[in-house]
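Following: one structure in structure tokens, then a few remarks.
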């Protein structure tokens with residue numbers, strides 16, 4: 001089976017769904033953010049603070065290139081679609097799944113997730129986060145071969161829909 005790439009805004013469920021989907025398909029799961037932390041040797045918020053978003057996006061692009069050689073379920077960071085080079089890379093995969101949720105649902109998940117510090121959500125208002133989502137939405141849609149709505153759905157329901165659509 002070819003790689004499956006999960007894209008979507010922060011809080012869409014990419015890591016949660018990626019891990020479970022990989023288990024179901026008996027494939028390795030690669031989380032781009034986790035791999036980036038290992039590569040850069042510090043947390044993403046620390047890296048953002050010290051080097052800025054542009055430097056972070058460069059690291060992200062390099063890692064996406066490296067990981068694209070593996071066959072796995074790949075959970076990406078929410079901003080992976082920002083760079084044109086990344087969008088080209090994403091379009092080269094056969095299975096790119098956009099995990100979509102309403103802005104209200106995303107805000108709820110982001111604010112309730114105390115374990116995950118999201119540098120682009122810290123110290124931003126709800127309105128600013130929604131504006132950020134809206135600025136990326138078309139890029140997610142442009143890169144996706146499949147869109148799955150995750151709003152008010154359990155991980156199991158989402159995975160079952162993905163598996164059903166992969167069979168078709």
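Cβ coordinates are placed from backbone N, Cα and C, and glycine is handled just like the others.
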Among 33, 149 - the residue Swiss-Prot places in the same substrate site as 57, 78, 136: 33
CB contacts for residue 16 (ATP binding site) [other CB atoms within 10 A, all chains]: 17
Coarse DSSP state, helix versus strand versus coil, of residue 153 (ATP binding site): coil
When distances run from the Cα of residue 14 (ATP binding site) to each of the binding-site residues 33, 57, 78, 136, the nearest one: 78
Protein Cβ atoms within 10 Å of residue 11 (ATP binding site), excluding its own: 25
